[in-house]
């Protein structure tokens, strides 16, 4: 006979069973959605460049290093005509390296070696599942009534979901950050003697995947510091800080020894190379605009007033937790209006992928996150860390990271293909979970049941908007991946034995397979007559008859007519790489006094674009 006090209440059993079902369904959705995104093709060149690192680690020089093997090094020993954007790669001790750290690629390498492209997807999908479960544990710890629902919104209602299906280190780093935050909160409250070790390991792994998590780690520690000093559990916290800091420092020293940079970061390889990567205090307003409010305007100028107005509407949501009654409803109406106005551009069917090039600010994803921006206001440095104060600590760490990123990021670093503000992604789990922790109490304080129902309906709408965002982003990811694959198939079939001269830097990494399938040379690097002559000498050694030009303009550089005759290639259709009419023009350069090779795609001789010089 089981004592009555030992019997579990039926409501508790039902609640736990319901939570488990939601977690299982969310996990299945993460796995099944991976089959909707093709394995071949790339969302952006950042993913393709990481694939080149992985390909070199496993296939080009197996497990001997992570440098990029340059197929034309015997003809171009100074890497003068390498077809990459200037900040994508750098040369160190005679070897070519990508600007990104190799550790994510090393993590993926065993699975890639065993299962190819499926192995590449395996790492990010498993990281997505770990993120879901970590968000569940964190939400449960801070007192969320339905932690499985909060965790599901973190994955499906924020810009997180599409990154699970790209070959990127974003999701492994974010999953580690969520687990690190969970264990760090437990360290502050002294629940276990081993929590500090798990927290240190998770903070270190997040940094190992992505360098900006060094900043995230500092912000989380700063948010927890007041509670640490007012409690007697500072020793495990200090042990966590020392161990994680020492591990991060060791990686930075290893980076310095291997490639000459403490951080594999845009600012590390690009500083002083291009003006947009230089840091200046005067650029902070523009950077803040890019990260927080940008929707359509190219930069912070009078044309941005429309974007700033929508952003101000969304910011009214931050005041909701500190209001009540009709005032709260009015703020919800304004915030929802701002979210809808943003979506008239974000969900527009025309030029879908180009939208992701511009609309990648905080305004452009998950309006519910604005509700959490002011949750940190109540003091969280009391002796006991109650559930309410844990949620405030989560929000405080997220807001600190948001402010630090805006102040310290290089301008323009976020103006590329993204799903929402990618470098701000660490703030989403903490703010979403904090909102779920504190909103039920806010709803309970509504003066009437009718107002409570109206407010709850608006919250559901805000959550739904975030989920629709994810569906739109997934459809664009699928479209772009297929477009990248199609680009590779078309280009591979044109003059397959000819080297390719191009002014389009992205084709070396998107599609990344092209870099080793064809001989690619940068046309833009031929900036003077001496370089032009060297470039043509290399081309003739690769193919003494012809070369293929892939350029972004409809007329080739005039100097090429000094070396041969140009024939336009009759492509089936223009390449819609970014969802707009961004054509790729192709020409065959047939060297003069040489017999032509196969010209299946080439127009007759009367289509010659320029007479011999």
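Heads up, the Cβ atoms here are built off N, Cα and C, so glycines get one too.
Here is what TrEMBL says about this protein:
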type: TRANSMEM; residues: 22-43; note: transmembrane segment
type: TRANSMEM; residues: 118-136; note: transmembrane segment
type: TRANSMEM; residues: 148-165; note: transmembrane segment
type: TRANSMEM; residues: 200-224; note: transmembrane segment
type: TRANSMEM; residues: 236-254; note: transmembrane segment
type: TRANSMEM; residues: 328-346; note: transmembrane segment
type: TRANSMEM; residues: 358-376; note: transmembrane segment
type: TRANSMEM; residues: 388-411; note: transmembrane segment
type: TRANSMEM; residues: 423-443; note: transmembrane segment
type: TRANSMEM; residues: 455-474; note: transmembrane segment
The transmembrane segment (388-411) in contact with the transmembrane segment (118-136), cutoff 8 A, at least 3 CB pairs, sep 6+: no
Stretch in 118-136, 236-254, 455-474 most in contact with the transmembrane segment (148-165), if contact is a CB pair under 8 A: 118-136
Same-chain residues near the transmembrane segment (328-346), Cβ under 8 Å, at least 6 residues beyond its ends: 295-296, 310-317, 319-320, 355, 359, 363-364, 367, 370, 442, 446, 451, 454-455, 458-459, 461-462, 465, 468-469, 472
Positions whose Cβ lies under 8 angstroms from the transmembrane segment (118-136), at least six residues beyond its ends: 19, 23, 26-27, 30-31, 34, 39, 51, 54, 104, 107-108, 110-112, 147-148, 150-152, 154-155, 160-161, 163-168, 171-172, 174-175, 178-179, 182, 429, 433
